[in-house]
Structure formats: C-alpha cells, structure tokens
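Working notes, structure below.
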There are 2 protein chains.
Amino acid sequence: MVSQLSPLPDGPVTVAGWVETVRDQKKVQFVILRDESGAVQLVNPATRDLEDDATPEQQAAAALTETIGTLAHGTMVRVTGELKHDERVKLGGLEVKVGTLEVVSEAIAETPIAEDSSLDKRLDWRFLDLRRPEANLLFRVQTTFEHALRSYWVERDYIEVHTPKLMASASESRAELFEMEYFETKAYLAQSPQFFKQMAQPAGFGKVFEIAPAFRADPSFTSRHATEFTSIDAEISWIDSHEDVMAMQEQALVAAFTAVVEKHGAAIEAAFEVSLSVPSLPFPRIPLAEARQIVADGGYEIPRTDGDLDPEGERRLSAWVKANHGHDFVFVTDYATGIRPFYHMRREGDGSITNSYDLLYNGTEISTGAQREHRVDVLIEQAKEKGIEPEELEFYLDFFRYGVPPHGGFGMGLARVLMLMLGLGSIRETTYLFRGPTRLLP
Amino acid sequence: MVSQLSPLPDGPVTVAGWVETVRDQKKVQFVILRDESGAVQLVNPATRDLEDDATPEQQAAAALTETIGTLAHGTMVRVTGELKHDERVKLGGLEVKVGTLEVVSEAIAETPIAEDSSLDKRLDWRFLDLRRPEANLLFRVQTTFEHALRSYWVERDYIEVHTPKLMASASESRAELFEMEYFETKAYLAQSPQFFKQMAQPAGFGKVFEIAPAFRADPSFTSRHATEFTSIDAEISWIDSHEDVMAMQEQALVAAFTAVVEKHGAAIEAAFEVSLSVPSLPFPRIPLAEARQIVADGGYEIPRTDGDLDPEGERRLSAWVKANHGHDFVFVTDYATGIRPFYHMRREGDGSITNSYDLLYNGTEISTGAQREHRVDVLIEQAKEKGIEPEELEFYLDFFRYGVPPHGGFGMGLARVLMLMLGLGSIRETTYLFRGPTRLLP
C-alpha cells in the first residue's frame, strides 16, 4: 500500500492503485497514483522520437512513455520501480521511478463527474465520487466510530441482536410504511428495531445493541431524511429512569469520539477543517419547556404548534448551549406526552410529560431515547389514547404479560452523527449509497 | 448482577431478575432467581398460621411468605437480603436470605411453553424461549464471534460498509425476490450485498466488510433456509485469485473461533456438550471434482445432475475430511461454471471452472466465495450466457468501466455458523427471530 512506502529504504518497490492525474511534460512524466491509503508520485523520464537504429531498451522506454501519456483517470495500474526519498517532493517526500507499468483495468477517459458537479450528479456516480480522499476518510471515521461503540458495549456484556426487518405490522406508525407481498400475506419493513429490541428485555438479555438498516417511506427531501438509514440502537434493563439511558449513551459516545479523535483527528482537521475534540461528561441536560423558553428569549418564535422544537429552534438551542456550557451536545429532556409514541413511559405523578429525551449535536437532533412503559395495562391505555388498536399489537403486548423488567433505550442515526461531526451539509454525503423517494440507483 | 455475587463477602446485597422456580416447603421457601448473568438461590424461612396477637414483624414475615408462595415463573422481582456463602448450596455455593422482595412486574402464571414444546411452539413464544440459559449463551457466543471478526478486519484497515437493502433491480436472481411499491416505482429487497460491496472496489476502498440482513423470498422449509438472514460479507482488492480470499477468510475465522473458545469454551461444553477448538491453518482445500469422487468412492451417488454437492454429499465429504485431515472445515474449490453466477471469474485457460469455492463446516455449507470478473466485456458476455439482459445491469456494469482492481470476496451465513458450531438442528434456534414463508410473528 502507498502508505507503507514511507518507512522503506530507497530501492525496488511495487505499488498498485488508480491513476489520479498525469502530467506529461516534454522530458519527464509525472503520475499521481492513489490507493485506499494515500497517493504517491511516479516519475518517468520521457523517451520520444526514437532514431531508426534505437535499441530494444530504447524502444521499450518509448512504449512506456506512450502508455503513460494515454493513461486515463481511474486506470488501475500495477507498477514496479525504484523508491527514492526526496524531501523536495511535496507529496510525502518520496517518489517512485517507474520500471514497469501494467495496466490492470482500463478506464473510460471522460469522467462523468468533476469537482464542481452537483451532489445529485455525484450520487449518480457514487463509486467515482467515493474516490475522493475525504470520502474515503469519512467512511474510515465511520468504521472507527461504530467499532468503538460496539467495543464499549461488548466489553460491558451487552448482547448484539439482529432484529428482523420483515414484520407482520408496523413498528412505529402506519404512516411511512413500506408494504410488500409476502407469500400468502403482507409484510412490512421495520421502521425501527423498537419492538424487537424491547423483546430482549423479557427474554432476559439484560442489555442489547444493534446497528442495522431501518426503513421509512418518508416522502421528504430534506438534508437529514432518507428512506433507508443505519440506526444505532441500544436497550437496557433494570433502569430507574431515562437518566440511566442518557448516562449510558453519553459514555458510549465519549468512547467512540475518543477513538475517532485519536485515530483520525489530524486527518479530519486537514480534510474537513474541523477540530474535533472529545466531549466532556456529563452532557448538559435541559427540559424541553426550558429549552423552548431559551429559544424564545433569543428572539425566535417556533412556528410548530405541537410543543416540539423545530430545526431552527434546535440550532438556536445548540448555539446557546455552546455559548453557555461550551458543549456540542445537549440532552433535551421531559418531552410532552402529546409528541411522544405510546410506549414512552410518562412521568410518575405528571402524565403530561414523558421519561424521554432527544439528543442534539451541533444543532441537530441525532437521537431519541426514553424509559419504556412496561406495565401492560398502562401500555394498552396509552396505545388506545394514541388511536392505536391494541389488537394490532397483540404480539408486542405479550412481551409484557409474562414478566418484564423496567427498561429503556435509544435510537441514533449514524449518518446524522457523521454529517454533524464533519460539518457536512447532508446525510447524502455520509451515507454509502443514499436512498430517497426518487433515488434507488446505483 | 447475579454473577457478581460470588466474590462479595457475606452481608447485605440487592439482586433483581426473574423467578425461575419456587419450592414452597412447609418451613422454608426456596426461589431460584435468574438474570442475564446466571441464577441464585433465595431462601426464606416460612412464617404461617399467625396467632391473633402476632407482632407487626411477624405479620410482615407472613405477608412475605404468602407473596413468595404465589410467585409465578417469570415474575420480575427486586430483592434485598443477606448473602451467605455455603458450599452445601449446589447453585454456586451461595444463597441470599430474603429481607424484602418487591414484585416489579407480574407474570401470567400459565407459561405457554414447556421444556418439551415443539420448536414451532417455542418460536411462537420466542421471548420466553430465549430465557433458557443455553439461548442466552448462544447469543453471547454470537456477539463474541461477530465482534472478533469485525476486530480482525478493523485492525487490518478494512472499511465497514452499510450497503442499501432497497434496490431498483435484483442483486442475484429474479427468483426469490421480494418486490414492493416504492413511491412512483418498484423496489426490491437485496438478496445479498454483492453488487454494492463490489462497488467499493472501483471506489478505491480496498477492503470492506459488512454484517447485515439479506432477504430471499425462498419458499423452502429446510432447517437451513430463512427469508431473512444475517449475512457476513467481505470483499478485497488486488487479489491474484480466490486463494487470497480463502486465506483471508480462514484467518478471520480462526481469530473469531479463538475469541469464542477463550471466552465461552467451558460454558459451551457444559450447555451444548460440544468441545470447541480453534481450527488449524490452513483449512483443507479440495477441488469440487475430487470432492465428488471422494463421495462416490464412499458409496453415495449424488442425485443432483448439475454437478454440485447435495446436503448428504456435503456431510459425507466433511466426514471424510475429518477422518483424513482431522479438520472440521473444508474449502471445496473450482466450482463448475454452470453452477456459479455470471460474476464469478472463470479459470484462465479453462472456462469450464470458476475461481470460486464453498466453505463447509461440520458437514454443511456456510459460505461461498470467489474472485470476481472485473473485465467488463467478459462480464457482459457471461451475463448474456446466463440469460441476463445487460440492460438490466447497467448501473452495475458501470462500476467496471472507469477502472476497477482485481477483487474477490465471500458471503457467510451467521446463523448457519452458530448452528454448526453448537451442534444444533436448525438455524431457527440460532436466529433471534426466525422469518420463513409462514412465520412473520412475533
């Protein structure tokens, strides 16, 4: 790999990758060769305009010069040559003098996207778009982030679950549901692993997590919605309230941010001009009513009438938290019952608020968490109140009829975290292959 | 947690979990309390038949006795009491004398499944079925197995990808495809991440992996098929042949088995009567033609006419390998072109065989791997030959038109590995919530 060249002594090496650019000068040719680990400069003294009595060596050199002159961007080549460290070379302080160059896979010379292509156009050619070093870095950051989260949980005896995505009924709401023929009946795609990660609690699993796709037939075209997204979920037993869930989530996030900063902090700074730091514990907590007051005091009237924050309200609240607490995260707690699903537990003694929260990061909601209602009679009442027929939920309600510990958990959108971490404008940039109402290809 | 009691000194403790059994004797009551980490015996001296002048303490003791006497299996309780180490107690050499007992969640007394319930009945009540200690262990083993695989890859700079499960066309074949309405068009559920993990190669990701659901509208009811299953996939660039893929896969598996044996070897032996060991490297490799000859020499005529092995053939081959090589795994290589998909690379100089393999473990296929054809003109020819219209594959073929390195990878069924590792009879036992043609619930 290119990144492994630097510590090697001057001498023969082999490298393979794709041609990023060719600079074909009269007397010398330069090729920037890139692989998944980095880029290196290849150099070849040009041999042109041979005399009739050229030697076989001269003929071979001329052929190599001609080959290099015609290399299209993206051509996959394998090169043997001589490594030479030379601090005058800007790219890594080394170059490889080409000995042989094998074209492993040719490329169409006309690349359909350019640096100034629109995001939509880039997504049409996502496999070319992903060749950008920043895109490569982005998915390495994601890999590190996820693995650190999983490691945090695995080290604490959580069980990883793979809940089914095919369901006999809705997991969240009848709206935004993908439906399909399923043999003699119909199936629906899970909008979240909610019901099935809760199933792990009466099953006695104690603590579970899952990172998996979720599906919403959401017709919106915002920068933070997709019809398919990667959801990070955890659910834990024997909690006293949503406070236990928040404490777990913030600690897991600190573990993940620590891993990302250690491994990629410098590269992120260079590529995204973001100086990433590990958030301090605990994250600030602000009840929703207070959060709305802070936004109102800041001179912004939230147009929503349901009592929730809107995206502008979230941004303003986060800015206030950053200014007053120096923190990029904030838990907004105590959401009103009216804007929470039936399975959120309501506050003991005050049925108007729930034991729930949203987590905002750099101005945008990335996660929702809550203590769940585990008393089946209360659960049924709350479902009815939300207009859901308990008959549709029988399989779910059964989970609560044979003993279930108090429990809670959260769901978090992976692409949103990455978008906000790296200061990007859309989850389309931070999703490997975005899926939206008008995008199923490639 | 119960497992944390053992090192504690005698004295006050709190434990929480569910009631497994109650033994209500005249003078003393015993409760087996279980949580995700293990089980502990609770003991309570019975107080019954109070005199009229009983003290408040006696009345409380009598109430506790009555409560314990009525505890149904599954009832979630929180108990404070006195821990006492006593080597005469079979269960862990300790017991907890009950001080207070709080019923956190009641349970219906009639449990719908028993030890002798059929598998199908147990799946109807999977959340109760999963309370069995062996089921809990099984998913802990799975967690360790997966995490060790991911760690193996992450430590080697693989990128984790989340390929979309919603597609505009089939990923493998028109058969066994789930189709759904998708806004103004139709979408299909990915049968594998095949096309999109290959996309990572022209994208310059180098090495990728994914553990995610895959979907097949497979109407069969065998012990090793499901309509939704967890697929473990990896794909790597710059290989010379499928040998490089096999070498990577066997090393990753050894890392995963090492972790499982270290962490759960003794528990697996106790629960499943399986003495698990780490497989030796390299795994045996046998070309398919030779494998069929071995099976034929053993006196079994494979009824399939397509040149493949059948399940009985796989069992016999594995038995032969175990007897002759002392190995539980075998790579069957060089599959005939006729029984491989169009994207498998064919052998240079012999188009009748492919650079592909199946991996068998304890008698059953768990994985298929191959070098992929990366030359787009050859790929188109092979697709046509298999009766696939290249027009349907345009988005996939584009991946090969702008430069792509030689590459290959494998897919492996997680539930199958677990089934064969623990000597179980069906992937329904090793899937959190099995999905089949007639099973979508719970």
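Please read every residue number as a count from 1 along the shown chain.
Just so it is clear, glycine is given a Cβ too, placed from its N, Cα and C backbone atoms.
Annotations in TrEMBL come from automatic prediction, not curation.
It is B:194-197, from the ranges B:122-125, B:194-197, B:202-205, B:226-229, that TrEMBL records as region 'Aspartate'. Going by what TrEMBL states, the L-aspartate site holds B:Glu172, B:Thr368, B:Arg372, and the candidate of B:Arg131, B:Arg216, B:Arg416 recorded there is B:Arg216. Among the candidates B:Glu314, B:Glu348, B:Glu365, B:Glu373, the residue that TrEMBL annotates alongside B:Gly413, B:Leu414, B:Ala415, B:Arg416 as binding ATP is B:Glu365. If one looks beyond the region 'Aspartate' (B:194-197) by at least 6 residues along the same chain, the residues whose Cβ comes under 8 Å of a Cβ in the stretch are 161, 163-164, 167, 171-172, 208, 210, 233-235, 343, 396, 399, 409, 411. Of all the Cβ atoms in the protein chains shown, 25 others lie within 10 Å of the Cβ of B:Gly413 (ATP binding site). In the three-state DSSP scheme, B:Arg416 (ATP binding site) falls into the helix class. Within the set B:Glu172, B:Arg216, B:Thr368, B:Arg372 that the record links to L-aspartate, no two Cα atoms are more than 22 Å apart, and one pair reaches that distance.
Over the region 'Aspartate' (B:194-197) the predicted model carries a mean pLDDT of 97. Taking each of the binding-site residues B:Glu172, B:Glu365 in turn and counting other Cβ atoms within 10 Å of its Cβ gives the largest count for B:Glu365. Most other Cβ atoms within 10 A: among the binding-site residues B:Leu414, B:Ala415, that distinction falls to B:Ala415.
Same-chain neighbours of the ATP site beyond B:Glu365, B:Gly413, B:Leu414, B:Ala415, B:Arg416, judged by a C-beta within 8 angstroms of the site's C-beta center, are, in sequence order, B:Arg224, B:Phe229, B:Ile366, B:Ser367, B:Met412, B:Val417, B:Leu418, B:Met419, B:Ile427.
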